[in-house]
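Here is what TrEMBL says about this protein:
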TRANSMEM  12-33  transmembrane segment
TRANSMEM  45-67  transmembrane segment
TRANSMEM  87-109  transmembrane segment
TRANSMEM  148-167  transmembrane segment
TRANSMEM  224-242  transmembrane segment
TRANSMEM  254-276  transmembrane segment
TRANSMEM  296-320  transmembrane segment
TRANSMEM  332-351  transmembrane segment
TRANSMEM  363-382  transmembrane segment
TRANSMEM  388-407  transmembrane segment
TRANSMEM  416-433  transmembrane segment
Amino acid sequence: MTNIKKKVLTDILRAMASNALSIFASAFIILVLPKFIGLEEYSYWQLYIFYSSYVGFLHLGWSDGFYLNNGGKNFDLINKERTSSNYYSFILFQIFLAVSIIIISTTLSDNYAQVTFYIAVCLLLTNIRSYSQFLLQATSRIKEYSSIIIIEKVTLVIGVTIVLLFYDVKFEMIILVDLLSRLVALTISSYRCKSILFYENVNCATLILGFEDTKKFIYSGFKLMFSFICSLLIFGVVRYMIEAKWGILAFGEVSLTLSLATLFVVFINSISIVLFPVLRNINEKLRKEVYIKIRFYLFMFLLILCNLYFPLYSIMSLWLPNFNNALQYLPLVFPIMLFETKTSILTNSYMKALRKESDLLKVNIFTLILSIVFSSMIYIYSDSLENSLILLVIVSFTKYVVSDYLLSKNMKAIEYKYWIFDFLFVVTFMTLANSNYEYVYTLLTLPLLPLLIYKIIK
């Protein structure tokens with residue numbers, strides 16, 4: 001058991017390190033590129049980034065289904081014949097989609113045609129790579145997975161730096177560097193998985209065999225993928241409403257604080273990458289024990305996270321003095337970070353491990369409808385931008401409670417006290433954070449930490 005705990009902790013640290021580097025690479029390009037490139041060129045680069053973020057949806061959940069069906073298995077025990085055949089069929093499907101997009105690009109004009117062509121190439125590289133990377137994640141080969149992410153992002157940063165220093169910067173060159181980094185990641189991940197992915201020779205028989213598992217993978221994976229889309233739209237609807245009602249400047253202010261929340265959740269999400277295959281490999285009793293412990297640790301995380309707001313706000317006020325209006329929304333963003341982290345680490349990981357992706361989809365559809373209804377009401381009846389962020393807190397809390405209720409009911413471990421305490425602490429935090437009595441929150445919560453630590457030790 002000690003060796004298992006050590007391996008899980010090591011894998012979590014590796015995944016978090018690779019995600020941290022990924023965040024750094026994104027921040028580097030966001031902050032540095034506008035210094036060297038014109039507004040029009042930068043806009044086409046952003047257009048490419050915008051559409052490339054959606055190419056993963058065009059495998060229709062195929063890769064996600066493969067991940068769900070093979071999570072927790074030993075790498076050497078994966079069915080090589082069927083997986084290899086399915087991989088070839090997957091590549092054929094992605095080539096068909098890429099060629100279709102390239103044909104569409106010929107009907108467009110100039111730069112739009114170029115960007116669309118690059119999107120097609122991006123789709124091919126990204127989605128084919130997703131298959132091998134999901135294979136590594138599902139079989140707990142986190143060391144290999146993390147190293148691939150690190151190499152990809154290092155290649156991207158070095159490539160962009162070389163272009164900025166030695167060339168007349170055009171958006172096409174930056175896109176080509178991005179595609180090169182994706183190609184490097186695809187090549188390495190395919191090589192690491194070659195004993196499985198290239199086990200069979202390519203022929204009609206293997207392609208037909210590969211398509212036999214496709215229906216099963218898409219059936220389960222599409223629910224997970226569509227659930228992820230709904231999760232994005234929950235926030236997207238509110239942000240669209242803000243831009244439509246209050247304009248682009250208000251949208252920018254809110255986007256700054258929400259971007260911080262997104263980066264944080266992506267960073268913490270590394271834990272769920274490691275947790276899923278572990279949960280698939282343990283029995284029901286141990287799974288329940290792990291659930292109860294993680295839920296308790298996440299409650300402690302609530303207390304610590306909200307107290308970190310106060311020094312963070314002071315630092316950011318000094319670093320971004322022109323964004324003080326945006327920073328006033330941070331007390332509303334912190335609870336969103338908390339609830340999204342809990343949902344990502346705890347409920348999402350467990351629902352995938354228990355094959356409850358249908359429940360996950362229902363929760364996300366329900367909260368999306370809630371977000372649309374509340375956003376419409378605020379758009380019509382409210383003139384307060386702050387109310388739109390309070391709406392996001394309510395929606396995030398609802399999503400967390402409903403999903404955790406379904407999960408804890410399934411685990412026979414319902415504990416209403418956690419939801420009540422979460423609600424009380426968050427309301428207290430939001431009330432005091434922007435007042436002259438912010439120290440009261442710290443005085444109320446910090447004395448609880450030694451008691452909670454004592455409970456862990458005991």
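Glycine too: its Cβ is placed from the backbone N, Cα and C atoms.
Unlike curated entries, TrEMBL annotations are predicted automatically.
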Please indicate, using numbers and ranges, the residues of the same chain that are 6 or more beyond the transmembrane segment (332-351) and have a C-beta under 8 Å from a C-beta there.
257-258, 260-261, 264-265, 268-269, 271-272, 275-276, 279, 287, 291, 294-295, 298, 301-302, 305-306, 309, 357, 359-360, 386, 389-390, 392-393, 396-397, 399-400, 403-404, 406-407, 411, 422, 426, 429-430, 433
Positions whose Cβ lies under 8 angstroms from the transmembrane segment (45-67), at least six residues beyond its ends:
33, 37, 83, 86, 90, 93-94, 97, 115, 118-119, 122-123, 126-127, 130-131, 134-135, 137-138, 171, 174-175, 178, 214, 216-226, 229
Winner by Cβ pairs under 8 Å against the transmembrane segment (224-242), considering only 363-382, 388-407, 416-433:
363-382
